[in-house]
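These come from TrEMBL:
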{"type": "TRANSMEM", "residues": "21-41", "note": "transmembrane segment"}
{"type": "REGION", "residues": "80-206", "note": "region 'Disordered'"}
{"type": "COMPBIAS", "residues": "147-164", "note": "compositional bias 'Low complexity'"}
{"type": "COMPBIAS", "residues": "194-206", "note": "compositional bias 'Low complexity'"}
{"type": "DOMAIN", "residues": "210-262", "note": "domain 'Trichome birefringence-like N-terminal'"}
{"type": "DOMAIN", "residues": "263-556", "note": "domain 'Trichome birefringence-like C-terminal'"}
{"type": "REGION", "residues": "509-531", "note": "region 'Disordered'"}
Amino acid sequence: MTLASSKTSLKMAACPRGVSFIAASMALLAMFLIFASWLLVSYPITSTVSEYISGVNRKIVLPAKDVSGSSLEQLTMISNSSGVDNSEDAQVSIRSSVDKDSLRSESNKQLPTTKDSVDLRRNEIPEEPVQLPESSFGATEKKVDTSSSASSNASESNSVESGSLDSRKSGVLEKPGQLSESLSRPTETKVDTSSSASSNASENNSVDSGCDLYDGKWFYDPQGPSYTNSSCPIITQMQNCQGNGRPDKDYENWRWKPSQCDLPRFDAKEFLELMRGKTLAFIGDSVARNQMESMVCLLWQIEVPKNRGNRRMHRWYFKSTSVMIVRVWSSWLVRQTNEKFDFAPEGVTKLHLDAPDDNLMELIPKFDVIVLSSGHWFAKQSVYVLNNEIVGGQLWWPDRSRPMKVNNVDAFGISVETILSALVTHPNYTGLTIVRSFSPDHYEGGAWNTGGSCTGKVKPLATDELVENGFTSIMHKKQVKGFEIAVKKATNKSKLRMMDITKVFGYRQDGHPGPYRSPDPNKITKVGPDGKPPPQDCLHWCMPGPVDTWNELVLEIIRRDFEGHQNFP
């Protein structure tokens, strides 16, 4: 009895301990479940995973390696969720984060997101947007094959319908044609196009940025000129060759072809976009006026400008882009006076070769681009003053026993150095100066005032027919030397470019009015019985005609400069 009772008591004692343990364990489990549930509610696993996979923080880091395996900088980009902003003040920039769902491409290409999709190069991001037919906005120059990643990224809505941007609003030019195969373009990792529409100019049909524009040949283009003598009302009558009865017209159809690239036809819309809000000034003599009228005629075909000129300055205003084309008369580009000076009497023009034209220098800060030309007036009567001393003259020298220190050719070289040095050191001038080199004439058998003639010239000279003109060559050399000296003196932010047309236009004997410089129906146009040619103009250029090529070159120089190319021959 005692033993049995003892066992029963042990069993009774052990039972309560088991129930207590189980109860305690269940309480702990309940507390764990409650805590775990609270964690799940507060920090859902699916949300964390989703954020990690899809990038809720809207940042995509694209690690990349070059071909050697070295790591490049991490690339991050941003795009507005509404797509491309086409407003006039639109800005496109690369920033520190990205909304992958708003990345847009006009060609519906997918954005590669792994290093296996594309070899991302730091220098493949364009410095500014380029408008290309059927291509992506802001796309790199390198072609990317996205076929492998397109299927894996099909679920991402990062593309929009293709189409062209409004060139007037976005500042990205729209122009038919394809890029030259030889086109090369410096690129940066940052894009900033907010400065002006000119920095966003299209390179469609642009020549290679390093191509020498002045080495090439003339070719016949049956398409003909962009305007006619009747479609532009501002042509000076002496250059209106068709209006003055010139019987041949082929001289209008020859165009210049650089050896290593193509020089595009003048595109008036592109020019106005590049120059939006800017002023282009043609400064010089009557040949500068000839080129200015050509420019206005080329632009007139898409927009009739408003004449806002006066006696001091011709001004043509194009309202759509607020572009102003200006012509300023300055025949020698240096200071000139008529008062008596030393032994030079009153009434004879005195040229102070070491001082720029005062009237011209007052206007310089108002101009964004200047096309400068001179030289031919150094054949006219004048007195040369240097360091406050009379050193020479042209068609004037009273004392034959005293040798001149400076002749007209030397005077021209000094004047070029003077005016260009004044421009590149002007404290308030930051523009682009294009120096159009000495324009060749084609007087045969004499000079302009001694019976020279270009009668009967109807086509360009062949390469083996070009004969060097001694006077033209030496004037060109003096001009180039003055240009080179001025470049070394530059202290401001302006830029200086030489547009070297002298040899190129040496072939164009056919481009002058010749005897067709007057509308007089009874004018003499042929050599007389005595062998003397009629009065004629073998210096200025017919319009339309070869002079229009000068403005094709001007447009190309402006395009290169505004887009940051540094390869100028």
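Keep in mind that glycine also has a Cβ here, set from the backbone N, Cα and C atoms.
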Could you break down the residues of the domain 'Trichome birefringence-like N-terminal' (210-262) into DSSP helix, strand and coil, giving a count for each?
6 helix, 10 strand, 37 coil
Which whole number is the mean pLDDT over the domain 'Trichome birefringence-like C-terminal' (263-556)?
96
Using DSSP, how many residues of the region 'Disordered' (509-531) fall into helix, strand and coil, respectively?
3 helix, 1 strand, 19 coil
